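First comes the structure, then the notes that go with it.
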Amino acid sequence: ACSSVPQFCNSPTVIVMVGLPARGKTYISKKLTRYLNWIGVPTKMFNVGQYRREAVKIYKNFEFFKPDNEEAMRIRKACAAAALKDVSAYFTKEQGQVAVFDATNTTRERRAVIISLAKEKGYKVFFVESICDDPEIIAENIKQVKSGSPDYVDRDIDEAMEDFVQRIECYKASYMPIDDEKDRKLSYIKIFDVGSRYLVNRVQDHIQSRIVYYLMNIHVTPRSIYLSRHGESELNLLGRIGGDSGLSPRGLKYANALADFIRSQKITDLKVWTSHMKRTIQTAETLGVQYEQWKALNEIDAGVCEELTYEEIQENFPEEFALRDQDKYRYRYPKGESYEDLVHRLEPVIMELERQENVLVVCHQAVMRCLLAYFLDKPADELPYLRCPLHTVLKLTPIAYGCKVESYFLNIEAVNTHRERPTNVNINRDTEEALQTVPDHV
Amino acid sequence: MPRELTQNRIQKIWVPTKDDRRRAAGAPNFANPPTVIVMVGLPARGKTYMSKKLTRYLNWIGMPTKVFNVGEYRREAVKNYSSYDFFKPDNEYAVKIRQQCALAALRDVKSYLKDEGGQVAVFDATNTTRERRDMILKFGSENSFKVFFIESVCDDPNVIASNIMEVKVSCPDYRDCNKTEAMLDFHRRIECYKTSYQPLDPDQHDRDLSFIKVIDVGRRFLVNRIQDHIQSKIVYYLMNIHVQPRTIYLCRHGESTDNLEGRLGGDSGLSPRGKQFSAALARFVEEQQLKNLKVWTSQLCRSIQTAEHLGVPYEQWKALNEIDAGLCEEMTYDEVKEKFPEEFALRDEDKYYYRYPAGESYQDLVQRVEPVIMELERQENVLVICHQAVMRCLLAYFLDKSADEMPYLKCPLHTVLKLTPVAYGCKVESISLNVEAVNTHRDRPEEVKRGPGTLIRRNSVTPLTSPESNIKKPRIDDLDEAPIQELPPSVASLALCSPSHLPLALAGQHWLGKVCLT
C-alpha cells in the first residue's frame, strides 16, 4: 500500500531513555510512542522493567537493585539483552521504524552496548536523558506511578515510597550522565527539570527533529481538554454528510446547554477552538467568550460525495462506498480526503493542544475521532469507528501514564450519525447489504 | 442570544455580522504580547544571517516581524568607517556613539511594536555584555514586551573566516579595502569584543531568561524556558535550518490537457508538449550533475507523470497539491465569469485572501505548505515539481515577497527556477527548457475596485515582505554630537549600508528576480 505522506525514515531508529528512576522516562516513552504511531511512524516501546518482572516473578525490596547483588545484576543484564533482541525483531520482522528502549541506561557501559549493537545493525540511535533533582517532583512521580506498580501491589503508599527512594540510591553511585565532551558525537536531547531547559546535540534527521520538537512542547501541568462536536446541524437531520449548514433547533439548544455545562465546570483560562464551518462557530458563539477558528479542524472533505446521503452514495458510487468500508482509514473520497489525510492535517492542532492548558475543541465527527485516537492511543483500524455522538462532551484529563475520559451527554436529543462497518464490504454486494448500518434520518 | 453570523465574501470565513468588514484572521491567534528577539554573539557568528532568515520566515507565516540592525544605525551616525580602532573598548567617544545607536534602535523597536502593528522585533547587535542585555530586559519590562535571546557561539576558525569572506569583506565598511586588509581589520574588530564578552549563563545568572544558544552552527542547542507558541516555533525553525551549500529547483508539472483547454484545477494528465517538457527536465537534471537530489511532487497526476520521466525515486506530498478551486474546479475562467460573476470579481479584488467557494485561498495555501518549507530547510538538493499557486507560495518565502505580490508572481510552465542561498539572500536563475506551452498567468487587472479599507488583524497569515530598515534619513538630531569624520575623504565612504541589498552587490551574480517575476 502506498503511503499518502512522505516517508522520512530510512534506517530504523532506537530511542534510548536515560535517567534515574522516577524521572519521567516511562511517561515520556509512552507519550512519544503514542504520538509517533498516531502520525504514522510504527513505533514500539520496550520497557526493561517489564522483562525483569517476567524473569523475577516476585519483587521483594530495593536490595535487588544493589550494585553488589551479582545474581540480580546477571538477571538485569539478561533482561536488557532480551529487550534489545526484541527490538531487532521488531525492526526486521514487524516493519517497525522506531523502538523506544525504556530503561535507566545510566552507565556508559550499558549505553556503549546499545551503540555498538546499533552500529552493527545499521540502526540510528537517539538518546533522551531526563535530569531532575527537585525532590518534590520526584516524590510526586513516585506517588503517581510507582505506588500503583506491580512491584508494590501488596504494600501501602508509605512503604512503597520508602523502598523506592532506596532503589534510586542504588543507581545514584554509578550514574554517569551523558557527557557533553566525551559524548559529543552522539545524538541526544537532555531534558532538565521537566522541560525548563533542553540541551540538543546533533539532530541527524527529520524524525529526530520532530521528536525534539514534540518533547519541547509537552508539559505536565494538570489541565483538561474538552472535545465536542457542533450541535446537530440541518444536514445532520437529513442524513447528509459534509456541507456547511447551520444548526438545527435542537443543535441550538445544545449550544446553550454546552454554555451552561462549561460554566458549571468552572474552568480557569479556557481556550475555545472551532473549525471554519458555520455549525461549529454557531455552537461556540453561545459561550460568549473569544474563540479561535482553525481551518485544520474542518470536517473531512467528502469530495464528490459532499452533501449526499449514504443512500445517494450507494446509488451513485457503489464501488467507492464498498472500498470505503474495506479500509475506512486509508480510503480517500474522490476529490476529497481520507482519515489518514486528516491526521496529517490535524498534527499542528495536536502540537498546540500539547502546549496549551484548558481547551474546548468544538469540531466534527471524523476530526473528533482522530483527536480522540491520539489521546486514547487507538490504532488506525479502530479510529474511524470510534463513537463520537452529537450533543456529548468528552472531558479528557491526563493521569499517570494515560488519559481519563469522562463522557457527558447534555440531554438534548439528536440524530445518530454513527455508521458501523457492514458485514459485507465486497464491491459486488447489493444495496441492502451496503445500507445495512446506515443510521436513521429524515 | 447568539450573534448573527455572515460569511465574509472574500475569505468565506464566518464572522459575527457587524464584524464582517474586518479581515478575519486566517489562523488562530497565538502571539499575545509583542516579542523582542535579542541576538547575542561576537561578530561573524551569523547573527544577521539568522535575524534575516528568521524574519523572512515569520513574515511569511503572517507574523509581522522586522529587523533592527544596530550596525546600520552606527553607519548612519559615523559616516566613514576607518578601522577597528572604533571598536576598542577604551575609545570613549565611540562607546558613547554606539550606546546612542542602540538606544535609537530600541526607540524604533518600541514604535514598531506599539504603533506600527509589529508583532516581533529582532534586535540585531552583539549584545555581548550583561549590562547591555539588562538594559534591554528593562526596556522589555517597561513596555510589556516579551524578550527572547538567540545567542550564537562558534569558535571554529574556518567557519568564522568563511563568514567574514561571505558578508563582511564586501560590506560598505570595507568598500575601499582589499580582501586581505578587510579580513585583518575584521579579526581585530572581533578581538575588541572578546575581552568584555559575557555569554549567557544558563546555570546561574541567566537561568530565568528565555533563550536559545546555537552552538557551532547548529550542531548543538541549549534551550532555556520557552514561554509560548512563537518562541517554540522559532526554536524549531532555528534547529532545522542549516548553512550547507545546496540548490532548490522549483518548477511546475508539464503542460496538462486541462491547461490546453484553459481549465482550472482538476487532475488531468500531461499533454504531448507536457511530456516533451518532462523529458527535457530529465536531461536538465542530469546536466546539473547533483549528488543526492531529492524529488518531490504533489499527489496530482500531472505532477507525478512529470516526475516519472526522471527515472528517479520521488516523494509525493498532498500538501503540494494545487489550490483547491472548490466549486470552480475544472472550469475555464470564462465559465467562472459566467456562472459566478460576483466571485470572479471578488477574486480580482483581493486575490491573496480570496477563497474559492468550498475551496481554498492563497492564505490557506501558506498554512498548508508550511511543513514543506520546514522540510526544505532541512534538506539539501531538492527538485519540487508542483503547481502555479503553490509555486508562487514557495517562491514568496524564498524571495521575501508579500501577500500582495504573491498571487501575481510569474511562474510559467516549462520553466525551472534554480534557487541558491547566497550571503543573506537567495540567488534566482530562471531557466526555460525551450518547450512551448500555454500561458496560464493572469496579471493583476487594471481597474480593480479595491474593497473598503480592511483592517488586518495581527497574525492573520498575511505574508509581508521583511520591512526595509528604518535608516532612510540621517538621525543626527538623536545624538549629542555631529557625525564623526574619522578619515580624510580618500578613504571615506558616504554610502548607506543596507544589507538587504547585499546579494545584488556581489559581483558576477545573476539576479533575474525583480524583472522576470513580477
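Cβ coordinates are placed from backbone N, Cα and C, and glycine is handled just like the others.
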* Structure fact -> Which of A:Arg184, A:Arg197, A:Arg263, A:Arg279 shares the substrate site with A:Arg229, A:His230, A:Gly231, A:Glu232, A:Ser233, A:Glu234, A:Leu235, A:Asn236 in TrEMBL? The record says A:Arg279
* Asked: Do you know offhand how many angstrom separate A:Arg279 (substrate binding site) and A:Glu299 (active site, proton donor/acceptor) by C-alpha?
  -> 11
* Can you name the residues of this chain that are 6 or more positions from A:Glu299 (active site, proton donor/acceptor) yet have a C-beta less than 8 Å from its C-beta? -> A:Gly242, A:Ser275, A:Met277, A:Cys363, A:His364, A:Gln365, A:Ala366, A:Val367
* Which residues, same chain and not among A:Arg229, A:His230, A:Gly231, A:Glu232, A:Ser233, A:Glu234, A:Leu235, A:Asn236, A:Arg279, have a CB within 8 angstroms of the centroid of the CB atoms at the recorded substrate site? -> A:Ser245, A:Gly246, A:Leu247, A:Ser248, A:Gly251, A:Leu390
* Give me the mean pLDDT over the domain '6-phosphofructo-2-kinase' (A:3-222), rounded to a whole number. => 93
* Structure fact -> Once DSSP output is merged into helix, strand and coil, A:Arg229 (substrate binding site) belongs to strand
* Asked: Taking the Cβ of A:Leu235 (substrate binding site) as centre, how many other Cβ atoms lie within 10 Å?
  -> 20
* List the residues of the same chain that sit at least 6 positions away from A:Arg229 (substrate binding site) in sequence and have their Cβ under 8 Å from its Cβ, in sequence order, or write 'none'. => A:Val362, A:Cys363, A:His364, A:Gln365, A:Met368, A:Cys388, A:Pro389, A:Leu390, A:His391, A:Thr392
* For the substrate binding residues given in the record (A:Arg229, A:His230, A:Gly231, A:Glu232, A:Ser233, A:Glu234, A:Leu235, A:Asn236, A:Arg279), what is the largest pairwise C-alpha separation in angstrom? -> 14
* To do: Using DSSP reduced to three states, classify A:Leu235 (substrate binding site) as helix, strand or coil.
  => helix
* Structure fact -> Row A:Gly231 (substrate binding site), column other C-beta within 10 angstroms, all chains, value 30
* C-beta crowding around A:Ser233 (substrate binding site), within 10 angstroms -> 29
